[in-house]
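Below is one structure; the comments refer to it alone.
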């Protein structure tokens, strides 16, 4: 079956997308959880020996009412640092002198809202895939404090982020949700919460009040933590906390239990204003517990202590007299119960350790050999002995000292159990990962084996698919793979994703693997057969690798190898900056050698690149006729085009690499990204836009894209209508540029301007005069696209995703448009450079195979890093930084591959248009 190079490459990339999706599904599984159903069960009784204990029920609640004041993105230094002292005086007073306990709660990655809410209320460590689910939160089925409280008859009221309403439907007796993703609003989104306070604080018909304020997080996304708006918002939150605390104190009576006010954040805020990664500013959140039960003595100085964010679930459960959630991996915050009698302290600790030990038994086969489990058994035995002694001698000093020893033993067991469970926070679906990896590698191998045919002058290749599928080897492989699938699925648990698929879908995956393997073996056989013929009749090679070919190869290999180190992933922008700068110097050397030393100016074509530019004559002296603003002649030209240049044109060619290099150096200073230097200052905002103006731009963008699409369709109907096709492509490119102008942050507009300038300089003074082949031009476009991804301020951290771009021109949250706009704004650099590549090749190349060659090269250069990175991540899945560094990069690679698939499909469609013309 014969296919064009572009069509074949697009198909391979689509298969890789399928493989990466399957790999991600196995790599980001559900976290450690309790398989037991949530049902009424008797709590663990108090250990006893020789005497019966009447403490077999859950302890009574410690607090009558609980108010949770969750301020989104409340970084620890916003409360405990200089900002807290300046803008939150009442909170600072409570922390330093009032009846409160202060903690720095560490949030594990991913530091986004929905997974953090789950961690706070279930005590479990959410999976990293919850980053994706954060956009549309499903109902929380895992055991949690809210569900337990509702089952116990607690009346819960909620106001704030609608994520809670999605996680806990039908749990609140009263609620009012606000949209969390409309980040342009940081005023009304909080006013809609505060407007209920005066009324609800006077009522007595509730037991839990939950308030989730989003304004601080939205300010961070818009202007960062150094914005003066942050101070005003912190002052507003301080006054709200004072109002709530004053109302709770006014209701308290001596016979009643005290109330509890919880001030906390779900995650922190990076220096750029985002969140999602693992920097100290993103994971350290403030947690303050305020209650009259925490009265301090004169001179009692309490400094914030470090805890895990998951510890709040167990603490709230104990405080409300509820069972601890079954999947909880956190420990009781002991200072909360430190003032209680010794017997109650030990009872609380015993309940927590029993729950953790049960969770350990469900998730670790050799749980009895775990140090935490052994310490728990020792603690329980000591506790039993203490109960016997306590019942005999209630008030002796010996009882207290032994109780203190048992308490220390319990606390040590808690720490060890938490550590053991956190190390097993996720169980990999190795089977799905392996199948996904095989699909990706098979597609890559097919691309590599098809290079000679795909990049030939005909840009076609004979895909060895039908004959292998009809062969005996295919059926044997399919039978073996099916048998392997049956064995794995009958031996594995239900967590294996592939085993949960219908047999028709799983069989389709096995058939695809077998067919690709047979096709790869057939292609490999043909390569060896062709190599044998060539050895008998060796051709006379008239070409060699140019310096740019060698640089492209070494740069690609070096970049791929750098993905194995966490530091290189965090600072990947430095790799691309280096490669782009090196490319500019190599181009400078090539131009100077040809112009000044009089070397042969003919391009060094590889034997597989064809003659795409041989029919292109570059007339730089023309005014404007094409999309680049230069008049192009389609007549044959003398290869020594550089020698024909005179005057200013010659000097522009000589200066062009230095101009590009200067632009790249300027762009580096616009946005500090990565980790090591992200805190350094860069250029601020200097332009704002309104909703109405943005909607006008959307109308213009849609009009331009419509006009360009119309011209492309016209070029298909009218054969050889080269002008219509070229103009149509240029209109689409212009529409994308205009959309990027609208979505990018104001200080990033110079990035877009310089990107267009570099494209013009490279097209007019480098690619045309030097007449580079398609492969070289494609590699340069890819490299510059990657560099501009980082010039925008992006990194391999989720915190740098600018979700505010998804709400430009919107006055309400609309999921699909917001996701599309956010994705386009994030990847506008690679998309615009790929669009320019289509325009340049369509207007320049005389051969119809140029787009096919470009599509194949683009697919190949994108596939190599993804394929190698999947193998690296699999081998490093137990690395210390697997979740904080390698996993976000894996998501970025998956998204980049998806965009590559869309680009290749667009290339293929344009190539079909050229073929018809």
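The backbone N, Cα and C atoms fix where each Cβ goes, glycine too.
Not measured: the values here are computed from a predicted model.
Feature annotation from TrEMBL assigns domain 'GPI ethanolamine phosphate transferase 2 C-terminal' to 691-900. When averaged over the domain 'GPI ethanolamine phosphate transferase 2 C-terminal' (691-900), pLDDT in the model lands at 81.
Marked as transmembrane segment by TrEMBL: 7-28 (among others).
Marked as transmembrane segment by TrEMBL: 430-451 (among others).
Look at TrEMBL and you will find 463-488 (among others) tagged as transmembrane segment.
Annotation source TrEMBL lists transmembrane segment at 500-529 (among others).
Within the same chain, residues 135-136, 179-182, 733, 736-737, 739-740, 743-744, 751-752, 755, 759, 781-782, 784-789, 791-792, 794, 801-803, 805-806, 858, 895-896, 899, 903, 906 sit at least 6 positions outside the transmembrane segment (812-834) and bring their C-beta atoms closer than 8 Å to a C-beta of that stretch. Taken from TrEMBL, the feature transmembrane segment applies to 812-834 (among others).
The transmembrane segment feature in TrEMBL is assigned to 855-878 (among others). Among residues of the same chain six or more beyond the transmembrane segment (855-878), those with a C-beta under 8 A of the stretch's C-beta atoms are 5-6, 8-10, 12-13, 16, 20, 23, 27, 428, 433, 436-437, 440-441, 443-444, 447-448, 450-451, 454-455, 459, 556, 559-560, 563-564, 774-775, 778-779, 781-782, 834, 837, 886-887, 889-890, 893-894, 896-897, 900, 903-904, 907-908, 911.
Positions annotated as transmembrane segment by TrEMBL: 890-910 (among others). A Cβ distance under 8 Å defines the sequence-distant neighbours of the transmembrane segment (890-910), meaning residues of its chain 6+ beyond its ends; these are 4, 6-7, 9-10, 13-14, 16-17, 20-21, 24, 27, 131, 712, 729, 796, 798, 823, 827, 830-831, 834, 838, 842, 851-852, 854-855, 858-859, 862-863, 865-866, 869-870, 873.
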